[in-house]
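In what follows, a structure is listed as structure tokens, so that the remarks can point back to it.
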Amino acid sequence: MLNIIRLLAESLPRISDGNENTDVWVNDMKFKMAYSFLNDDIDVIERELEQTVRSDYPLLSEAGLHLLQAGGKRIRPVFVLLSGMFGDYDINKIKYVAVTLEMIHMASLVHDDVIDDAELRRGKPTIKAKWDNRIAMYTGDYMLAGSLEMMTRINEPKAHRILSQTIVEVCLGEIEQIKDKYNMEQNLRTYLRRIKRKTALLIAVSCQLGAIASGADEKIHKALYWFGYYVGMSYQIIDDILDFTSTEEELGKPVGGDLLQGNVTLPVLYALKNPALKNQLKLINSETTQEQLEPIIEEIKKTDAIEASMAVSEMYLQKAFQKLNTLPRGRARSSLAAIAKYIGKRKF
């Protein structure tokens, strides 16, 4: 199945703006410029997020603000706002959807860091590292509860149903990841299902619910859902590639951290096709150190695993563009296209 997907990916045209060596900083600026006209509304979202994570309990507030202030691209809120422009855009309504989805994402990060025993997130200590696992778990739970309370301000039964189904799927994705740690026998289907549940669905629903909350036609919000889904799949695959090709400074965590924590990603699945590498990869376990992993990472980079994974990411990105082209032309569509292009080129 890996070969079939790779052949399909390589048969699609490559996305290019004529400058494949775009500087990381310039690329990041292009990403932010794609939605700069929404900066005032993004500020509204930031204030709402800060207010939502605050609690009467100082420790909860401190932990929540610690994660919030670590930064992040806020891709999900941006997708909510841009998708809302396909209907009757009202920031005072749509902000609740944007905050809800970012809070769910943040809660999943806190829980992820406990599961993976991660010390760093975006270059700063994780909540579990700064406090402990119990504080981290309850902070994540508090954020999830806060997100659900926020969503009650939207009187859209369909949106509530979609959101509840998505949360169930996200939880299943987390459970699958725990179950498959250090399992080098898993297949591509398992990996794709896991990244769909852990990443792609939340981005897909960000696009869909933004449109639903603004009263957009069903045809539009369904197309936006699939655009978000394909972008989300591409985004996670790029994330998994960067775990090998980026630097600790850019990642904000050790290179190869996913593999060290036992998470088998697409580059690893391709690398497993190399018999010698497969034997080395199967020896990785919870006792493996960063120093022991470094030569294996270098060997993976020497194979075609990174290139093959990039081809699959680009295949999903092309599918996203195909869905986007069915939507009405305008500023929102142009911005979504620019963001999707950025995702295919991002370096961190």
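The backbone N, Cα and C atoms fix where each Cβ goes, and this holds for glycine too.
In Swiss-Prot this protein carries:
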- LYS73, ARG76, HIS105, ARG122: isopentenyl diphosphate binding site (BINDING)
- ASP112, ASP116: Mg(2+) 1 binding site (BINDING)
- ASP112, ASP116: Mg(2+) 2 binding site (BINDING)
- ARG121, LYS198, THR199, GLN236: all-trans-hexaprenyl diphosphate binding site (BINDING)
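In the three-state DSSP assignment, the secondary structure recorded for HIS105 (isopentenyl diphosphate binding site) is helix. Distance between Cα atoms for ASP112 (Mg(2+) 1 binding site) and ARG76 (isopentenyl diphosphate binding site): 18 Å, as a whole number. Cα separation, ASP116 (Mg(2+) 1 binding site) to ARG122 (isopentenyl diphosphate binding site), rounded: 15 Å.
Around the Cβ of ASP116 (Mg(2+) 1 binding site), the number of neighbouring Cβ atoms within 10 Å comes to 20. Of all residue pairs in the isopentenyl diphosphate-binding list (LYS73, ARG76, HIS105, ARG122), the one with the greatest Cα separation is 17 Å apart. The DSSP secondary structure for ARG76 (isopentenyl diphosphate binding site) is helix. Using a 10 angstroms CA-CA radius around HIS105 (isopentenyl diphosphate binding site), the binding-site residues that qualify from ARG121, THR199, GLN236 are THR199. It is ARG76 that, of the binding-site residues LYS73, ARG76, HIS105, ARG121, ARG122, has its Cβ surrounded by the most other Cβ atoms within 10 Å. DSSP gives THR199 (all-trans-hexaprenyl diphosphate binding site) a helix state. Compute the center of the Cβ atoms of LYS73, ARG76, HIS105, ARG122, which mark the site for isopentenyl diphosphate; besides them, the chain residues with Cβ within 8 Å of that center are GLY72, ARG74, ILE75, GLU102, MET106, LEU109. Checked against LYS198 (all-trans-hexaprenyl diphosphate binding site), the binding-site residues LYS73, ARG76, ARG122 differ in C-alpha distance, with ARG76 being the nearest.
When the binding-site residues ARG121, THR199, GLN236 are compared by Cα distance to ARG76 (isopentenyl diphosphate binding site), the shortest distance belongs to THR199. Calculated from their C-alpha atoms, the gap between LYS73 (isopentenyl diphosphate binding site) and ARG121 (all-trans-hexaprenyl diphosphate binding site) amounts to 13 Å.
A separation of roughly 16 Å, to the nearest angstrom, links the Cα atoms of ARG122 (isopentenyl diphosphate binding site) and GLN236 (all-trans-hexaprenyl diphosphate binding site). Non-local contacts of GLN236 (all-trans-hexaprenyl diphosphate binding site) by the CB criterion (under 8 A, 6+ apart in sequence, same chain) comprise ILE195, LYS198, THR199, ALA200.
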